[in-house]
Amino acid sequence: MSESTVNEKIRVNFTQSSSFYNTEHGNNWNNVLEGKHNNENGSKPEESSYLYQAFQNATYEKLEVKVKKELEGNKVPMQSPDVEINCKEQEGKSIAFTGETQRKCTQKKPHQCSHCDKAFSKNSSLIIHQRMHTGEKPFQCSQCDKAFSQNIHLKMHQRTHTGEKPYQCSQCDNRFSANSYLIKHQRIHTGEKPFQCSQCDKRFSENGNLIKHQRIHTGEKSYQCNHCDKAFSRNDHLITHQRIHTREKPYQCSQCDKAFSQNGHLIKHQKIHTGEKPYQCSQCDKAFSQNNDLIIHRITHTLEIINS
């Protein structure tokens, strides 16, 4: 299939939906494909243009696959954002065509998980999923004792041994062992925060951070201490707490023999050695290495005012 045929078919699909494609954009389709759809004043391409975002966010290859399937009879209609599509390839995942538009697959899923309510169109996908419940990790690293439930995860892990980082950031010199790490990193440059809390207006660059945040609203504390009755909304908070019981102090000062259970406590301690005093009193010339000491010091000024 020639590139011009594919482009024409994509254009036709877009024009069939007035909410996606208006006359102005239609006249400038080639400019949109080339990223040259400018504002009237000649400024940068319109970030708000649906077509421009769609082409930027979906690679040409993905669009070509969709169009090929449609031409070959496996119809994947490009419709308005609130219309669901049929897709044989995706396992119930949302297909993010743009940052704001998501569409869900509606194909049959005859393979039901016996542990939860998830279902899959392929038995192989069910087998992979069930390893979450069974804890099975058949893919063993040959260089260490780590094992994984999926082969792709093993391959990503093996790069920690080889040092291979094939994914280069286009805006800085950072490199990554996995494309997913690169995508997360690039949000530092773009400021993109695609994961929005449904309970408040906070947004996050990573879904994991959104999940942690949402526990503030739900009050969920699924991480239970096995030494006492305390529970926590985050696993890292549980780990920190458990050091009270185990007396583990993994953060060692490089200047003396003191060790700490939390990295923040080590950082505070190290200021004793460096002499750093970043907390300056606004009423006199005294400065302190820790904020708590500054707060206590300010009380002396308050007492002076009261006694004067």
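Backbone N, Cα and C define each Cβ position, glycine as well.
Caution: TrEMBL annotation is automatic and unverified by curators.
So that you can see what the record holds, here are the features copied from TrEMBL:
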- 111-138: domain 'C2H2-type' (DOMAIN)
- 139-166: domain 'C2H2-type' (DOMAIN)
- 167-194: domain 'C2H2-type' (DOMAIN)
- 195-222: domain 'C2H2-type' (DOMAIN)
- 223-250: domain 'C2H2-type' (DOMAIN)
- 251-278: domain 'C2H2-type' (DOMAIN)
- 279-306: domain 'C2H2-type' (DOMAIN)
Using DSSP, how many residues of the domain 'C2H2-type' (279-306) fall into helix, strand and coil, respectively?
-> 16 helix, 4 strand, 8 coil
DSSP helix, strand and coil counts for the domain 'C2H2-type' (195-222)?
-> 12 helix, 4 strand, 12 coil
On the DSSP side of things, how many residues of the domain 'C2H2-type' (139-166) fall into helix, strand and coil, could you say?
-> 12 helix, 4 strand, 12 coil
